[in-house]
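Here is what Swiss-Prot says about this protein:
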type    : residues                         : note
BINDING : 41, 42, 43, 44, 45, 77, 116, 146 : 4-amino-2-methyl-5-(diphosphooxymethyl)pyrimidine binding site
BINDING : 78, 97                           : Mg(2+) binding site
């Protein structure tokens with residue numbers, strides 16, 4: 001059973017320097033926090049990401065300081081040691097990141113824990129892990145933000161998985177200002193985005209539009 005307030009999952013930014021460029025990363029995050037994102041996951045991974053652990057730690061510390069200023073949860077993707085060193089608010093892991101030992105250790109340290117799922121079997125397996133707080137399901141639509149993205153699930157499958165899950169579901173993958181309302185209507189707890197914010201011409205306006213579906217249906221999430 002999850003121990004977190006589902007509201008923190010509503011407008012969930014996932015980003016690293018590979019999504020913004022190094023110079024723009026912190027200013028974009030600052031704008032996004034000021035405009036009302038509810039959660040931030042530091043995911044610095046893949047081509048054009050930071051080349052050393054020391055640099056990654058430095059950017060993560062600065063991102064964490066911004067998140068604390070705005071009282072927004074700061075989640076680390078995959079890197080348990082970094083999450084523990086920084087006393088991050090949470091850890092998110094994928095199916096290929098040796099998830100269960102990391103989730104258990106993270107929970108022992110009081111961190112929020114999230115796991116990426118793509119199949120019904122992965123969701124059912126998540127029910128056996130009491131240390132897990134939420135799951136990320138995706139990609140929902142085609143996306144260019146992740147090189148290793150799997151086949152898109154679509155809205156009907158997302159709704160079915162949300163009903164199957166005993167935990168709050170965060171949708172991710174190809175979510176945009178145009179389709180976020182449809183995503184919210186599936187009953188998910190929130191939507192995680194990368195380019196919808198990092199590539200937005202007007203970040204405050206983009207976040208206002210991403211927030212809208214949750215504000216108009218407050219309290220109706222996770223319906224069956």
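Backbone N, Cα and C define each Cβ position, glycine as well.
Within the same chain, residues at least 6 positions away in sequence whose Cβ sits under 8 Å from that of residue 77 (4-amino-2-methyl-5-(diphosphooxymethyl)pyrimidine binding site) are 14, 16, 41, 42, 43, 44, 45, 91, 92, 93. Fewest other C-beta atoms within 10 angstroms, among the binding-site residues 41, 116, are seen around 116. Residue 116 (4-amino-2-methyl-5-(diphosphooxymethyl)pyrimidine binding site) sits 10 Å from residue 97 (Mg(2+) binding site), taking the Cα positions as reference. Here residue 78 (Mg(2+) binding site) comes close to 43, 45, 91, 92, 93, 94, 97, 102: these same-chain residues lie at least six apart in sequence, with C-beta atoms under 8 angstroms from its C-beta. It is 45, among the binding-site residues 43, 45, whose Cβ has the fewest other Cβ atoms within 10 Å in the structure shown. DSSP assigns residue 41 (4-amino-2-methyl-5-(diphosphooxymethyl)pyrimidine binding site) to a strand segment in the three-state reduction.
The local packing around residue 42 (4-amino-2-methyl-5-(diphosphooxymethyl)pyrimidine binding site), expressed as other Cβ atoms within 10 Å of its Cβ over all shown chains, amounts to 29. A sphere of 10 angstroms centred on the C-beta of residue 97 (Mg(2+) binding site) encloses 17 other C-beta atoms. The number of other CB atoms found within 10 A of the CB of residue 44 (4-amino-2-methyl-5-(diphosphooxymethyl)pyrimidine binding site), across every protein chain shown, is 23. Under the DSSP three-state reduction, residue 77 (4-amino-2-methyl-5-(diphosphooxymethyl)pyrimidine binding site) is assigned to strand.
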